[in-house]
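In what follows, a single structure is set out as structure tokens and then discussed.
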Amino acid sequence: MVAECDDAGGVLKVVLGAGGTGGHVFPALALAIEMRDLGIDVLWAGRESRLESQVAAENGFAFQALASAGFYGKNIFGKTRAAWLLCRGLVQAISLLRRVKPSGVAATGGFATAALLAATEFAGTPYFLLEQNCVPGRVTSFFAPKARETFLAFPSANSLPGISSVSGNPLRRELARGARSDDGKTVLFIGGSLGARALNLAALDAAAALSNLSFVILTGRRDYDFVRSRVRSSNCELVEFTSHPEELYRKATIAVSRAGGVVLSELVAFGVPAILIPFPYATDRHQDANAEYLASVGAAEVLDQSRLSGLTSLVRTLMDDDSRRRQMEAAARSIAKPDAASTIARRIQECLAA
């Protein structure tokens, strides 16, 4: 689908580059909604027939497909294909900018935005970056020096060149200000789509050993049937996928989770005490840095995946310690930034209107 922004005089127009995983797409959605509410005309640019095109269409945003593919972890043939797609995406992005003539560009990083950012820098169009993790991604790091501003979700483990500010991850409004009503007995497991198998199996072991507790396991679509076939405990509720995670956070006493930047922002918004198990193969081990940051402020415990045999004991200890959980909840809420989406949208508006 190819669509254009409204070119009415005086209206700020922003091309929003976001694609790949939900960690890039859903912060972009939260920001897009806030910008639209400010009267900014938003055109979403990303990959065709992927999550971003679906999310844009469902929320009424014009969409432009740009070719892209990642280089990381690919063999020579995969890297050759990625290079060809990057060149194709660059030509498409240059054409898009010439046609739309946006006031500015905002991008959430990742390979899906590389061509757009290269074209934007070449055209001299102002651009803004959003970084979801403590360790900046490679695309963000490369383009940060000339960005008008880079908005960081957390204090960065690596200093970025250029102008940056810690604004938090943009969250949808239903996630930004979380109120919990847990029963003191519910453990939420969040595996995510990458590396969820180990966490899902650990959840089943914990549920079998702790029959006095209730377990909600967000398996991910890939593992749902696998986990369902192995459930032996009546205290397990399996969730394949949800577009409303706030319903799960609301009733969680604690969460056991991977350590992607967006899910951590959601957990701290709800004040959920967390046991974090970073995905060991994440790019530049960015999940380790995210987890260590939450642990440093007292909002989480961190457990290496190689030590999953100790998870059941850690869950039991934390569920038995009301005082410790209250301290972790307070620590989590102290670093939450519920106004991140509106803060970033208004900052972009101010910069482009100046």
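Placement of Cβ uses the backbone N, Cα and C atoms for every residue, glycine included.
According to TrEMBL, the protein carries these features:
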DOMAIN    14-150  domain 'Glycosyltransferase family 28 N-terminal'
BINDING   THR21, GLY22, GLY23, ASN133, ARG172, SER193, GLN287  UDP-N-acetyl-alpha-D-glucosamine binding site
DOMAIN    186-342  domain 'Glycosyl transferase family 28 C-terminal'
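This view paints the features noted in TrEMBL onto the structure.
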residue: THR21; record: UDP-N-acetyl-alpha-D-glucosamine binding site; Cβ within 10 Å: 18
residue: GLY22; record: UDP-N-acetyl-alpha-D-glucosamine binding site; Cβ within 10 Å: 16
residue: GLY23; record: UDP-N-acetyl-alpha-D-glucosamine binding site; Cβ within 10 Å: 19
residue: ASN133; record: UDP-N-acetyl-alpha-D-glucosamine binding site; Cβ within 10 Å: 28
residue: ARG172; record: UDP-N-acetyl-alpha-D-glucosamine binding site; Cβ within 10 Å: 18
residue: GLN287; record: UDP-N-acetyl-alpha-D-glucosamine binding site; Cβ within 10 Å: 27
Number of helical, extended and coil residues in the domain 'Glycosyltransferase family 28 N-terminal' (14-150), per DSSP: 71 helix, 25 strand, 41 coil
Where GLN287 (UDP-N-acetyl-alpha-D-glucosamine binding site) falls in three-state DSSP terms: helix
Predicted model, mean pLDDT over the domain 'Glycosyltransferase family 28 N-terminal' (14-150): 93
